[in-house]
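Q: Below you will find the structure I want to go over with you.
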Amino acid sequence: MATSSEQQHTTKALELATQALFLSNPNPRVGCVITSPDGQVVLGQGFTQQAGGPHAEVMALRDAAARGNNSLQGATAYVTLEPCSHQGRTGPCCDALIGAGIGKVVASLADPNPLVAGQGFARLRAAGVEVVVGPGATESRELNIGFFSRMVRGTPWVRMKTAASLDGTTALANGQSQWITSPAARADGHAWRARACAVLTGIGTVLDDDPQLDVRDVATPRQPHLVIVDSQLQTPLQARLWSVPGRSTCLIYTAVRDEAKKAALESRGATVIHLPNAQGKVDLGAMLQDLGRQRAINELHVEAGHKLNGSFLREGLVDELLLYQAPRLLGPGLGMAQTAPLQSLADGTALDYISVDRIGPDLRIVARVQGRDRF
Ligand SMILES: NC(=O)C1=CN([C@@H]2O[C@H](COP(=O)(O)OP(=O)(O)OC[C@H]3O[C@@H](n4cnc5c(N)ncnc54)[C@H](OP(=O)(O)O)[C@@H]3O)[C@@H](O)[C@H]2O)C=CC1
Ligand SMILES: Nc1c(N[C@@H]2O[C@H](COP(=O)(O)O)[C@@H](O)[C@H]2O)[nH]c(=O)[nH]c1=O
């Protein structure tokens, strides 16, 4: 049972971790608070920086030094994930904490990476540091659901976003869809793009909308990667998606081997990956494995049309829905997802509502496919 002081410092560490939401990908969002041994004084605090930059613990140690708190002997570090014990792009945080004289570490969770899980705690304990694990575990895992998904399942957390009228239409039969939802809801959608490692769409949407699929309506330190599902390599060489400042990576998954088209797209900076399925389309399951294992994608933000959405749902690849609903009826048109008619109500996809919010005049619903977060 955490004391109220432990809870207070853990809450603060979680708040700090949230500040890494758009920043630390593909590293986890972690916060750290260092207090005096009696918990009365906060000596330093920090959160994970961009990949390759300092982790939360190092930021908190630096903050303590900047505040003139040079002796941390016996101090307590509250950290929302197990401190690392391995040499990655930065040095091991455990060694930094031990070297600074930290006497106790209160960590929310063990690192989900099976290659390193528990090693940080073992190293701290071996150096005589008291380790408590647990406070803030649920919140920290939720904040890092994509990182946990990639580490445990090997695939990203798949969040499918759609913007529809109240009667579920995402585009008119003639393809018109801009705009169904309000500027406020679209800006909110950009914030969800910003927290994802990658935004994914289908070639149908690329050809119909000439979209940018970047983050423009909220401030962000980095652009998510773009992923296009394009069996026949029809992505145009002239399109708005190529001129997004700061976007480093465009991955195009295809079902054809066409070296000329591939070279042309690669000359625009794309990486073309050949992953066909038996129907001559892109193998979406294999693509998710590739995105998780080879490209370090934690959260995948799917913003596609009804055909690709239908395939994702039919194949059971969706974890969460992010649905914006405008207070408007549009009648028949393209729905959220093209799926085959069911024979029984029991065959429907069961969801849990996570949140329902009003964004400007629209509704935002976050719903989770039942059982998908149990990994
Ligand atoms: N309101 C909203 O939230 C949104 C609306 N839209 C609207 O949707 C419309 C476009 O919809 P749609 O044509 O369905 O576009 P999609 O973005 O769903 O792309 C569909 C295409 O993806 C390709 N594809 C490759 N592999 C697969 C696979 N395994 N399963 C399914 N498709 C695959 C197919 O083309 P190929 O075989 O050539 O590769 C298919 O035609 C536009 O009008 C757009 O404005 C789009 C996004 C969001
Ligand atoms: N029509 C529609 C959306 N459509 C989505 O936004 C994409 C355009 O993105 P961008 O080019 O970056 O502005 C488009 O291709 C489709 O995926 N989104 C919404 O929030 N509300 C809307 O009403």
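From the backbone N, Cα and C atoms, a Cβ is placed for every residue, glycine too.
Straight from TrEMBL, here's the annotation block:
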- 4-132: domain 'CMP/dCMP-type deaminase' (DOMAIN)
- H55, C84, C93: Zn(2+) binding site (BINDING)
- E57: active site, proton donor (ACT_SITE)
- A163, W179, T205, D209, S231, G305, H306, K307, L308, N309, G310, S311: NADP(+) binding site (BINDING)
- S177, R193, L213, R216, E303: substrate binding site (BINDING)
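Map these features onto the structure and tell me what's around them.
A: Model confidence over the domain 'CMP/dCMP-type deaminase' (4-132) stands at 95, taken as the mean pLDDT rounded to a whole number.
H55 (Zn(2+) binding site) falls outside any helix or strand according to DSSP and counts as coil. In the structure as shown, the Cβ atom of H55 (Zn(2+) binding site) sits within 10 Å of 28 other Cβ atoms.
On its own chain, E57 (active site, proton donor) has C32, G46, A77, V79, P83, C93, A96, L97 as residues at least 6 apart in sequence with a Cβ closer than 8 Å to its own Cβ.
S231 (NADP(+) binding site) falls outside any helix or strand according to DSSP and counts as coil. Contacts of S231 (NADP(+) binding site) defined by a Cβ separation under 8 A and a same-chain sequence distance of 6+ are given as I203, T254, A255, V256, P276, G280, K281, V282, in order along the sequence.
The Cβ of R193 (substrate binding site) lies under 8 Å from the Cβ of V199, L213, D214, V215, P224, H301, E303, each on the same chain and at least six residues away in sequence.
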Q: Non-local Cβ contacts of R216 (substrate binding site) (under 8 Å, 6 or more apart, same chain)?
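A: When sequence neighbours closer than 6 are ignored, R216 (substrate binding site) has H190 within Cβ distance under 8 Å.
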Q: Can you tell me whether DSSP puts S177 (substrate binding site) in helix, strand or coil?
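A: In three-state terms, S177 (substrate binding site) counts as coil.
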Q: Do me a favour and check the Cα-Cα span between L308 (NADP(+) binding site) and S177 (substrate binding site); whole Å is fine.
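A: Spelling it out, the Cα of L308 (NADP(+) binding site) and the Cα of S177 (substrate binding site) are 16 Å apart.
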Q: Distance check, please: Cα of C84 (Zn(2+) binding site) against Cα of H306 (NADP(+) binding site), rounded to an integer number of angstrom.
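A: Rounded to the nearest whole number, the Cα-Cα distance is 42 Å.
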Q: For ligand 2, list the binding-site residues among S177, L308, G310 whose CB atom is within a distance below 6 Å of it, in sequence order.
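A: Listed by sequence, the hits are S177.
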